[in-house]
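Colleague: Before I ask anything, here is the structure I am working with.
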Amino acid sequence: MCGIFAYLNYHVPRTRREILETLIKGLQRLEYRGYDSAGVGLDGGNDKDWEANACKIQLIKKKGKVKALDEEVHKQQDMDLDIEFDVHLGIAHTRWATHGEPSPVNSHPQRSDKNNEFIVIHNGIITNYKDLKKFLESKGYDFESETDTETIAKLVKYMYDNWESQDVSFTTLVERVIQQLEGAFALVFKSVHFPGQAVGTRRGSPLLIGVRSEHKLSTDHIPILYRTGKDKKGSCGLSRVDSTTCLFPVEEKAVEYYFASDASAVIEHTNRVIFLEDDDVAAVVDGRLSIHRIKRTARDHPGRAVQTLQMELQQIMKGNFSSFMQKEIFEQPESVVNTMRGRVNFDDYTVNLGGLKDHIKEIQRCRRLILIACGTSYHAGMATRQVLEELTELPVMVELASDFLDRNTPVFRDDVCFFISQSGETADTLMGLRYCKERGALTVGITNTVGSSISRETDCGVHINAGPEIGVASTKAYTSQFVSLVMFALMMCDDRISMQERRKEIMLGLKRLPDLIKEVLSMDDEIQKLATELYHQKSVLIMGRGYHYATCLEGALKIKEITYMHSEGILAGELKHGPLALVDKLMPVIMIIMRDHTYAKCQNALQQVVARQGRPVVICDKEDTETIKNTKRTIKVPHSVDCLQGILSVIPLQLLAFHLAVLRGYDVDFPRNLAKSVTVE
């Protein structure tokens, strides 16, 4: 939801202008997450001595787009942009309103007081903020915003003002604060009392740190420091930070640190990152990065690795396309190849998902598969349920994560639970994962983000390798999730003689899939023409059954998300149980009819719609002469094996949604009220 970005330069001279450009660009890379306002916090003052400027913090906040914030920055009369800083921390934030309407005062950074002694940026929701606010108000603290985050900033100041000794560390203050917080958060703090220092922490929301230096780093594995005991007067109670317990450039050379909600904001600066775990507190003091935890638990890993990201800047740029969504739709021939690369051997008809190989025997012995997800990821589970049931011969449940939790669904030790999420941070799906782990089920993650919470907390998993997806409306991640689940089904039945012919048929379908997707994408002009006939409508119905019911749901979701038209995916078998009442000559209807086991029943549904003066547009097999001959308007897609046909039938709906949104004048990549990464429940 919200986007966090912070930049600390240590002995790397940067002008205020350069620092602001870095912060603004970081926020622009996070725009796809969704937001309604933005802000930055940096050292104020115009003294030639940067250390004097660090005693004052300046906040600039603006409702609306990051571009509006950038314009506001350059309107500041009292800020010399050419002042140079040898050491500086700047923090920046894109806010998605949860507590309080979008406005400058509710935007982040939030401050502790009018002197900006402590400021903080926050992604998440603090569930006990009302109690904390009541306590702080009783101590004389005045609140200016409606946000839960302001309580955090004021709580740090309260701790600082009431600390027994004068030598408290910034890290200790933050540790004490997060012990009082309930809910989900990723936080980065800045203070006039600790110039040039940064402290970041997370619980339930993502946070990573990028490291950039021209010099060799002291380690590629940062050990965790634990509290040694109770705080004593004159002591912070922490394990000692020294050259063996922190990260820094050898010989104390120049270094830059980037705190961010996800990798897209740091990749243009560095590909070396550290992913923080829940309750980690990361501190940069004198250019050295250390990671602290309050308590030691049995499952704690002894350190945090410096990882190298396999991502390039060009992957998160639009290139020659008008929007990220359009680019991602047209990347699907390559993204499905990347999903299969190194995993499917078309010569000997084998599938090897490396992330599952150590657990595949255990999965094959299970009693039930449960697929848990939200939104488009849920539809990917729905789309592959039938082939999973067919090839595994196991009962397969597909659950919306929020409903799964609301029902306290029974889960057993011999269940295998899949958690599907593009970002790997979806809050409801993550809560479902923890629910299933508590009950002893084997957990499997299917994500598109290396180092995400779901990929780390599951027992095993599959990385779909679709590449960064920036557009809020998911497209290529859906088809890659689809292919990943089909590959899993093929892996599950590789030793069953009775399944071998079916496996070969599906694998030949996978081999041809990229070329068939290209063929569907070549129909873009035809679909754009259809969009010009539909964009003024208020509603659209999409009907299908069997493998294509999930396609109807996904197509309807895409249209809802970015065109703001009412759209509904309808199971064709349910037509007579209510939806048929909506059909008349004015209601736009799209039907999906493919030559599979539901063909005759879909033809029956088509006749029912036509009999009510409906004028359906039919997405059908290009070899289906009967449907083409008897229907006035068709979109003809190439034929594939039945369980993969849903990939080819969903792409025309993705293109239709895109063109409808453009014709209606809406921002395709950033639809209103929606965020790419839903990190709060």
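Note that Cβ sites are derived from N, Cα and C of the backbone, with glycine treated the same way.
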Colleague: Among Ser243, Ser474, Ser677, which is annotated phosphoserine in Swiss-Prot?
Modeller: Ser243
Colleague: Quick check on the recorded positions Cys2, Ser421: which one has the highest count of other Cβ atoms within 10 Å of its Cβ?
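Modeller: Compared across Cys2, Ser421, the most Cβ atoms within 10 Å surround Ser421.
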Colleague: Write out the long-range same-chain contacts of Ser377 (substrate binding site), meaning residues 6 or more apart in sequence whose Cβ is under 8 Å from its Cβ.
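Modeller: Listed in sequence order, they are Ile420, Ser421, Gln422, Thr426, Thr429, Ile446, Ser474, Ala477, Tyr478, Gln481.
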Colleague: Please name the residue among the recorded positions Ser103, Thr376, Ser423, Thr426 whose C-beta has the most neighbouring C-beta atoms within 10 angstroms.
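Modeller: When each Cβ's neighbours within 10 Å are tallied, Thr426 tops the list.
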Colleague: Rank the binding-site residues Gln422, His577 by how many other Cβ atoms lie within 10 Å of each Cβ and give me the one with the fewest.
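Modeller: Least crowded of the binding-site residues Gln422, His577, by Cβ count within 10 Å, is His577.
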Colleague: What whole-number Å value do you get for the CA-CA distance of Ser103 (phosphoserine) and Cys2 (active site, for GATase activity)?
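Modeller: Counting only the Cα atoms, the answer is 15 Å.
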Colleague: Mind checking how the domain 'SIS 2' (530-671) divides into helix, strand and coil residues in DSSP?
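Modeller: Counting residues by DSSP class gives 74 helix, 27 strand, 41 coil.
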